[in-house]
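Copied over from Swiss-Prot:
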{"type": "BINDING", "residues": "R9, K10, S98, Q99, R100, Q162", "note": "substrate binding site"}
{"type": "BINDING", "residues": "S67, S68, M69, T70, S98, N127, K194, T224, G274, I275, R276, A295, A296", "note": "FMN binding site"}
{"type": "BINDING", "residues": "E163", "note": "Mg(2+) binding site"}
Amino acid sequence: MKDKELSQRKNDHLDIVLHPERAKQTIRTGFEQWRFEHCALPELALDDIDLSTRLFGRVMKAPLLISSMTGGARRASDINRHLAEAAQTLGLAMGVGSQRVALESEDNWGLTGELRRYAPDIPLLANLGAAQIGSLQGLDYARRAVEMVEADALIIHLNPLQEALQTGGDRDWRGVLAAIKRVVNALSVPVVVKEVGAGLSVPVARQLAEAGVTMLDVAGAGGTSWAAVEGERAASDHARSVAMAFADWGIPTAQALRQIHQAFPSMPLIASGGIRDGIDTAKALAMGASLVGQAAAVLGSATTSTSAVLDHFAVVIEQLRVACFCTGSASLSALREARLARVGDEE
């Protein structure tokens, strides 16, 4: 695919995600089905609650990941700068958008070592699609992607549904697992594997764990539906009808998270996919997530300014802190012991 076509596709994606009413879906994350048991005697000071954690040897001030968003649109440079600057200020992790376009064209789209200079102290994660990893140049792409942004780890994103539905998508996924194994064995940094909104199942998580992947991002259904996005940008009624049938396809985020954590309790997990606020964040952490990611929820702020991104996450962090306070949790480890009950099952 030509650089211009790839760039236009990325711009289309941004425009649609910024206007979610254009990509309608009804599936929800599942977090709305769960409630914390309220603690009326927390016996701690709100300001003393410790939200810090560590990722890939770096200290984070809160367990939040700015999930991968954009890496191939003309707007990407400013968006990624705003995100990186905010992540540095708040002590959050950041995953860059797909680096395919930057690797295959002469334009780096802002995905260079300059991004690391905006955010010298945070965990920064490079990002490539499974289709690129599975190509003949896959290992070279992986190494270059990490070097390009001086990353602490590489994210490999799995998006078979989106690829099957989009014009010019990568539809031959044979050998992807073997390619992931090669990258895991060859890279000097950890490898994280994520879905993009349809969720990871326990059998797939098992395959990835056996391949040596360090961390999984369940990236479940309930947030951005890439099937609906591709349906919105489809060039024909036929393509639109096929895509929109899958608008609610996938494993809801809470379900994917709980199932994988139960099956692999020692596997570090990221919960993303429709995380709305700090209460969803707290629920995800209590269900077994090590980190919680947001993308679409902060994209509008990221197109505006660093200050807007800071304002967005300041709200999320304060919501998380209050959730800890009202469950009597002085730290993230304590929050993971807080009682969650499914709505209707409370005793």
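Just so you know, glycine gets a Cβ as well, placed from its N, Cα and C.
Projection of Swiss-Prot feature records onto the structure.
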residue	record	DSSP (3 states)
S67	FMN binding site	coil
S98	substrate binding site	coil
E163	Mg(2+) binding site	helix
K194	FMN binding site	strand
G274	FMN binding site	coil
A296	FMN binding site	helix
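Fewest Cβ neighbours within 10 Å among the binding-site residues R100, K194, R276: that distinction goes to R276. Maximum C-alpha to C-alpha distance over the listed FMN-binding residues S67, S68, M69, T70, S98, N127, K194, T224, G274, I275, R276, A295, A296 is 23 Å.
Cβ neighbour counts within 10 Å, taken over all protein chains shown, single out S67 as the most crowded of the binding-site residues S67, S98, Q99, Q162.
The subset of binding-site residues (M69, E163, K194, R276, A296) lying with their Cα within 10 Å of the Cα of S98 (substrate binding site) consists of M69, given in sequence order.
Candidate binding-site residues: M69, A296. Fewest other C-beta atoms within 10 angstroms, A296. Listed in sequence order, A131, G169, D170, R171, W173 are the same-chain residues six or more apart from the residue listed as 'Mg(2+) binding site' with CB atoms under 8 A from its CB. Of all the binding-site residues in the record (Q99, R100, Q162), the one with the smallest CA separation from M69 (FMN binding site) is Q99. Sequence-distant contacts of G274 (FMN binding site), defined by Cβ-Cβ distance under 8 angstroms and a gap of at least six in the same chain, are R28, T29, F31, G220, A221, G222, G223, T224, T253, D280. In this structure the C-alpha atoms belonging to A296 (FMN binding site) and Q162 (substrate binding site) are separated by 16 Å.
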